[in-house]
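Per TrEMBL, the features are as follows:
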type	residues	note
COMPBIAS	179-194	compositional bias 'Polar residues'
COMPBIAS	201-214	compositional bias 'Basic and acidic residues'
DOMAIN	17-90	domain 'Agenet'
DOMAIN	92-146	domain 'Agenet'
DOMAIN	208-277	domain 'Agenet'
DOMAIN	280-337	domain 'Agenet'
REGION	179-214	region 'Disordered'
Amino acid sequence: MSHKGKAIDAPATEDLDYLQPGSVVEVSHENNDCLRVWYTATIIERRATSTNDERYVVQFTDIYQDRNSGTKLLLEYNSVDIRPLPPPLPPRKFKAGDMVEAYYQNGWYEGEITLVLDNYNCMFQISSRFLLFGVNQLRHHRTWFNGDWIPPLNLYVTKSIWDEDLTDRMMEIDSNQLEWETDSGSAETSTAGTGNILEESDQKTKEEEFSEGERVEVANIDEDGFNQAWLAATIVKPVENNRYIIRYETLRTGNDTGFLVKEMDSLHIRPPPPDIPVPHQFKMFDNVDALYKGGWWKGIITRVLPRGSRYKVHFDNNGKVMEFKHSDLRLHLDWIDRKWTKPSP
């Protein structure tokens, strides 16, 4: 893959209070399914190495080296994989497509709400499993970037949407009272439906199609100008001439100090595809996207393997045929004229 542009350097860690010994933090860990999970831990010490002097020994809060003796697990992490504890927020009403973190097996799993069953229970996909979580087991997904939370935290909770049963009361954000801090210190009012990002509406100017903190997909353009794949990213901030600073969610810098940050034109940025049902089994010649090397690559199902859980996929861009499991595929959609369309067979 071609990674043009220079990544923004990670901030120095000497003055960061949350990286001091004794601080309670969250550490990012990828499990066997390549899912990002955040676990609570305590900073034990800073450990200098010959290649990277920003590594820290942490002790997990809820994961044990030996449960019988009560010894908790100690591991070493780069500073980029450590963040302060997210500030607690009141429970809120979620909807399908919201990016959240679900508490499961002692950690917070990043993912997307698949289905809302009622006001109190939501469906969440972890790997190939769909699990049911109560709203008290979910929290809004935020990214810790350069010392700030994205989206910002200064959202005012203004009214209750439930009855007076205090055991189940939840709060929602009044969309007329959402305020985002600007560089000048003043506030802007937003009418975003969830308080996370601006919806596609007249409030987005033609010059700013995407909002700060919005999760998007960006094209991975090769040296010949062809799009190889779509990769998940977050809008850091808009710049002039319809361009944006974006931060990848799967590509790290060459020296492994953080996730790659670069500037891109809006022509190579799109919103994530809508949450459409994935078939129980794909069929021959289905147009799909396959998750490979951190990006979604367009291809066609050329063979359904026995038991229907694995498939041969022919990539459109290079003609290669590779094998994928069902959970690493999604139905392909095209983003044309700011609308999602199904490709012709």
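Each Cβ is built from the backbone N, Cα and C atoms, and glycine gets one as well.
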The domain 'Agenet' (280-337), counted residue by residue under DSSP: helix, strand, coil: 6 helix, 33 strand, 19 coil
Composition by DSSP (helix, strand, coil) of residues within the domain 'Agenet' (92-146): 3 helix, 34 strand, 18 coil
